[in-house]
Amino acid sequence: MASTAPFAKMNGIGNEIIVADMRGRADQVTAAAALALNGDAATRFDQIMAIHDARTPGTAYYVDILNSDGTSAQACGNGMRCVVQALAAETGQKTFTFETRAGILNAREHADGTISVDMGMPHFGWQEIPLAEEFRDTRMIELQIGPIDAPVLHSPSAVSMGNPHAIFWVDRDVWSYELERFGPLLENHPIFPERANITIAQVTSPESMIIRTWERGAGLTKACGSAACASVVAAARTRRTGRSVNLLTPGGGTLHVEWLDNDHVILTGAAEWEFSGSFDPSTGTWARDTESAA
């Protein structure tokens, strides 16, 4: 195997993550490597979090994010928690400042092992999300799936958490909707020039909701941190919930999201290590570390 890089297979509340240690290297994880890793059942993932040396003063590392289809992602809250857990275990440090495509993110590991990530501030302008046409109020945009007189899903809220999100509000069980069928259509709808993450959200109380997400570039996932943040912000904007909410995800885990008065959104949850190995960032060829072999 050519010059290899260490990696850890992890998950954040079921969101399948590969944390790749690219520090001290000039190369990048290629789309071909991402596709190869995702094609192997053992390393199948939703996002790769590639840790690079810092590019900006005041930050510890630059984190490049790739989806399972090889495309780039701006944000992944669950993946950032995995990065923090891996680095905290290595260094003993508890607080970190990262640079990502979405900007600067601060994160902290708590004494109980949970990790909080400051996901930054949401954006609501139609050009910021972005949308392909003007909407003066993105708390509800004109978009639906199904017949005009009996739509299956309609009138989502739109918000950016550094990446575009559309949240469809439903009263029935979120599992009763064919998100695997509608997700690709909505992700690639012309209204979203950069595609979008699609979430079905059911509010169960002013402090709780259940969500399912079709992730842009990854498909159906067991959890999506930025979608959880977008859902809470959108719910608070439309007076469905307060600004501090627990979310149950398809992976069975719970995320906590708080939209602070300073407009920053804090995502808190757990992260779990599965195994470690090494891989070729160019081809995706990989080997499991002996000590973590099953």
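Yeah, the Cβs are placed from backbone N, Cα and C, and that goes for glycine too.
For the substrate site, Swiss-Prot records N15, N67, G77, N78, N163, N197, E215, R216, G225, S226, and the single candidate of Q47, Q127 listed with them is Q47.
The substrate-binding residues named in the record, N15, Q47, N67, G77, N78, N163, N197, E215, R216, G225, S226, extend over a maximum Cα to Cα distance of 17 Å. In this view, C76 (active site, proton donor) is surrounded by 32 other Cβ atoms within 10 Å of its Cβ, with every protein chain counted.
Long-range neighbours of N67 (substrate binding site) (same chain, six or more residues apart, CB within less than 8 Å of its CB): A34, D46, Q47, A73, E215, R216, G217, A218. Its Cβ placed at the centre, S226 (substrate binding site) has 33 other Cβ atoms within 10 Å.
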